[in-house]
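Shown next, in structure tokens, is the structure this report addresses.
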Amino acid sequence: LTGVLDDCLCDIESIDDFNTFKIFPKIQKLQERDYFRYYKVNLKRPCPFWADDGHCSIKDCHVEPCPESKIPVGIKAGSSNKYSKVANNSKELEDCEQANKLGAVNSTLSNQSKEAFIDWARYDDSQDHFCELDDERSPDAQYVDLLLNPERYTGYKGPSAWRVWNSIYEENCFKPRSVYRPLNPLAPSRGGCCLFCLCLEKRVFYKLISGLHASINLHLCANYLLEETWGKPRWGPNVKEFTRRFDPVETKGEGPRRLKNLYFLYLIELRALSKVAPYFERSVVDLYTGNGHEDAESKALLLDIFRDTKSFHMHFDEKSMFAGDKKGAKSLKEEFRLHFKNISRIMDCVGCDKCRLWGKLQTQGLGTALKILFSEKEIQSLPENSPSKGFQLTRQEIVALVNAFGR
């Protein structure tokens, strides 16, 4: 993939060089830090739009039908796990055991980590938050170690997975209603997608969702279940699957566009990081875990990344996107927010827990990036030595932003 991206003056080669040699090694280290590796998520919320008919269809994904006594202690989520049905034959039990090995979310935590979370919650509660997420306070919400639960292919596909993406594209993505998109998002659109019929803002929104879709598909292709044996499953790159989703010939030209939208998504989140730097540069903001030495190192690494983002010379110019009269800008901001809120709710319809985890995290990360870009004035007027009532990020938003950009 080469050349200049649409809607910005940046070329792909410059992004590759900048990311490979400056950003990626540092963002990888940051993601391994305690503050950024634990994400609180509720994987038990019911789908608000349709009956969840796909959750149990793929053995490598589903966990819920298994009786609690059969789930290995190491992956138990705690007393919040409830099962409405007990598997009553050997095949279902066998499927459950396979699901535990291949698709289950590993939520094990050390006692030390649990104590740290209590301190984090107390610290977060003392801040003046910009917004409160109901999910964090739900009894079903749990901390997940992202390093123990990598984003990878679990076997979740077919009508259930297509339905999720179809709902996002058809109901939530700004696009001309005349553009046809089939249920299977891997199939090319009939007649192409007339994105330039849209205004810049709505075109950007559509490309961001497409880029997010491409990112998720790329990680599934890169970490694919290649062989399922009695021993340890073998995961690795699946070139055939990558070709099927992105090759110019096999996708009738759609594949390269999807990849370009991934680069566009990178630019938007990169721009958000450069814009939010003043928020973290203040002495009042700590990446608090209770370990003073590690917290200081984590913040120093994050500020180093911010310096790199500012050195990039071909940022996306969000001023062209969010320009206009105050009333119109406010209306557009609210429209974007409602669309993202709806997309985050659709993520609760994903039938695979691991896919749901990463879908929710990356959606929240992108939503946080847009929140930052819409709040430039509030960020510029932040007080140095006290929390701001005008702009605030929760720990959840910070963790989601960094990990989504890392993806």
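Every residue gets a Cβ built from N, Cα and C, even glycine.
Feature list (source: TrEMBL):
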- CYS352: active site, nucleophile (ACT_SITE)
- CYS355: active site (ACT_SITE)
- ARG152, THR154, TRP165, SER210, HIS213, ARG245: FAD binding site (BINDING)
- CYS56-CYS61: disulfide bond (DISULFID)
- CYS96-CYS131: disulfide bond (DISULFID)
- CYS352-CYS355: disulfide bond (DISULFID)
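TRP165 (FAD binding site) sits 13 Å from CYS355 (active site), counting Cα to Cα. Of all the active-site residues listed (CYS352, CYS355), CYS355 has the fewest other CB atoms within 10 A of its CB. The binding-site residues listed here (SER210, HIS213, ARG245) include no residue with a Cα within 10 A of the Cα of the residue listed as 'active site'. For the FAD site listed in the record, the two most distant Cα atoms among ARG152, THR154, TRP165, SER210, HIS213, ARG245 lie 21 Å apart.
Listed in sequence order, ARG257, ARG258, ASN261 are the same-chain residues at least 6 apart in sequence whose CB falls under 8 Å from the CB of SER210 (FAD binding site). In the structure as shown, the Cβ atom of THR154 (FAD binding site) sits within 10 Å of 23 other Cβ atoms. Closest in space to the residue listed as 'active site, nucleophile', of the binding-site residues given as ARG152, THR154, HIS213, ARG245, is THR154, taking the CA atom of each residue.
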